[in-house]
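As recorded in TrEMBL:
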type	residues	note
DOMAIN	25-457	domain 'Amine oxidase'
BINDING	GLU44, ALA45, VAL245, GLU433	FAD binding site
Amino acid sequence: RAYLQKCSDDFGDVCPSCWCLCPSAGLSAAKLLKASGLDPVVLEARDRVGGRTFTVQNKEAKWVDLGGAYIGPTQNRILRLAKEYGIKTYKVNEQENLVHYVNGKSYPFKGSLPPMWNPIALMDFNNLFRTMDKMGEEIPRDAPWRAPHAEEWDKMTMQELFEKLCWTRTARRFATLFVNLIVTAEPHEVSALWLLWYVKQCGGIMRICSTTNGGQERKFVGGSNQVSQCMARELGDRVKLQSPVYRIDQTGDMVVVETVDKQTYKAKYVIVATPPALNLKMHFNPELPPLRNQLINRVPMGSVIKCMVYYRENFWRKKGYCGSMVIEEEGAPIGFTLDDTKPDGTVPCIMGLVQSFKQLLSLHLLLRRICEIYSKVLGTDEALHPVHYEEKNWCEEEYSGGCYTAYFPPGILTQFGRVLREPVGKLYFAGTETATEWSGYMEGAVQAGERAAREVMCAMGKLQPNQIWQPEPENDVREVLMHQITSWPLIKKMNNQWRNTLKSLVMNPKHFLP
């Protein structure tokens, strides 16, 4: 601690080496800095830690994750923290059938993606997702703007890409639902380059879509916020709650940080671990560089309400359904659900995701519409009689601005993406948006925080530049994803007559487009 110095009487406190402006990425940065013998402090704007993870406890739900909740294979950093703190995980239920609701009918299925009964639509669907994965192979995880076709793909929206790749309305409709689900935005809003990168850095289509063996495989017993709470307890009084930062001044030898309630601190380095757009709530002196300033003005947050409907019993399991629903119906408030029953079978619940800008309804009306669509899909009036309801509209959160993550509209990633992680003087940037693996997830937040902490240690001469980025050893929970999308799966099983028929249909697609 020889590098520490006493502040002037105007500031009153000992200056740490680094202030981390949290949420979760800030805690992981501070944890690593503390473990390395440094003295970090975390300034948290909210009255709680955890950022976009938020666990509520009450007698009706026991505990419920109203924010980030899901983890799975290859998310090794967050699983390492859970193991360190003794937080157990459990698998999201997928033992019974999933159900795909389309054209007013319910179709039970198994696996990650719903079947397409029209063979042409299935081939279209297969071709789309295989092509997306193939395009993703060209995109560097750490620098998507360097991809060979970066400029071309970044000028294109995902809607334009779907129109280019898809033959059928069936595939285009499901592709729209896919984008809604994974980034809580519309295909016309997001850059094709950015979304292809986003899918690639999560391990590909099957990994990001899947529950079993995918990004939604598991949850934490007791809620995801425990990880942040454990880190906060470890850091002790270094964590300052209700301390939203108003001003960061690095014109002097030390960085001066001022909070909204006029508390002022000095530090040698600062890690800003917020969504990029929230940088706009802070005043910087000197002003941020032009490219950074343009970036934070151009990357909006996703838009989502997380809705938890509780029932007296798991009636869906009795009907042979696991609780996972893929819903394609015009005007339906929810497009995807998962079973959120507790691992011991108590507190039966279905979790659904609503794009908040689509549903400007009161809580009561939204709940009624959700129950009505569940009743249609599951084929029972039991869905109309919930016993409890929880929801969280993340667009109302002042210090998140939305969820799950920031997304890049067309043209932004190639112009401004390269400054996303670029330090500005003694300011370093974390947050899940800056991750190169599982960005948008808790795993990405941990990777980003630890990377930013190593950047600070490198600036202090405690690490070499080649030590900043470090791979994470595989966790025990990791499994190899065996289920891959294969090209034209039906053709291999069909006789010659079917092959010839399909060949003629492919040559004349306008005659059979559904």
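In case you wondered, yes, glycine gets a Cβ from its N, Cα and C as well.
Unlike curated entries, TrEMBL annotations are predicted automatically.
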### Message
Neighbour count, 10 Å Cβ-Cβ cut-off, for GLU44 (FAD binding site): what number do you get?
### Response
25
## Note on the structure
The predicted model's mean pLDDT over the domain 'Amine oxidase' (25-457) is 96
### Task
Determine the Cβ neighbour count for GLU433 (FAD binding site): the number of other Cβ atoms within 10 Å of its Cβ.
24
### Query
Which of the three DSSP states, helix, strand or coil, fits VAL245 (FAD binding site)?
strand
